[in-house]
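Student: Here's a structure for you.
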């Protein structure tokens with residue numbers, strides 16, 4: 001792996017983020033194509049700074065809680081407390097998982113959630129990761145605000161390969177994706193059923209800046225397909241759109257929306 005020392009450091013951190021069980025140094029070196037000696041030096045420095053720890057028994061390297069603490073500190077000081085009550089109310093009203101993604105350049109990152117399901121089946125994926133644009137409702141809602149050419153270009157830059165494990169209804173071609181985006185534009189929101197994963201459904205709509213109208217976030221509701229068939233998704237649309245307007249108004253008081 002070519003690149004600066006800083007690029008290597010962040011590559012190590014990002015790779016460790018993807019595996020909570022930790023990774024052996026040899027695996028890290030191979031995955032990142034970094035010499036073993038250089039990997040050892042990077043890990044030693046990250047341990048010294050408190051960002052990485054090594055399990056004394058397994059010798060695997062893990063992220064420490066320092067990055068997590070930094071993330072929470074940032075969220076608490078940037079207005080997350082303003083948007084969280086909005087998510088909590090929508091989750092309580094719908095009884096499903098509500099997530100908010102913010103737009104940062106060419107990425108949409110899920111940064112806050114509220115779980116409305118108190119019992120039975122629950123759909124609750126991890127926060128902090130980027131929303132895949134090609135096969136998620138959140139991705140489709142954002143892409144639908146662009147021209148077809150802009151949407152396909154962004155998907156291509158994000159790497160549009162459909163991974164193993166997605167649902168049977170995930171788009172299998174750009175033509176299928178563009179048809180989903182056409183429907184989302186007509187409706188004002190995007191819906192998917194068993195697209196991102198088997199047995200899950202979701203509906204999403206964008207949050208716009210209250211003064212200039214640009215897209216600053218995406219609000220979604222997701223849950224098991226058994227509770228959220230197509231008809232139920234469309235029933236949820238009015239509430240979803242109402243809450244996107246509320247988040248739009250609240251965005252001026254939160255630095256989460258740039």
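Our numbering is plain: 1 for the first residue shown, then up by one each step along the chain.
Just so it is clear, glycine is given a Cβ too, placed from its N, Cα and C backbone atoms.
Positions annotated as domain 'HTH iclR-type' by TrEMBL: 3-65. The domain 'IclR-ED' annotation in TrEMBL covers 66-253.
What does the local environment look like for each feature on the list?
Tutor: The domain 'IclR-ED' (66-253) scores a mean pLDDT of 88 in the predicted structure.
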Student: Please spell out the DSSP helix, strand and coil residue counts for the domain 'HTH iclR-type' (3-65).
Tutor: 35 helix, 7 strand, 21 coil
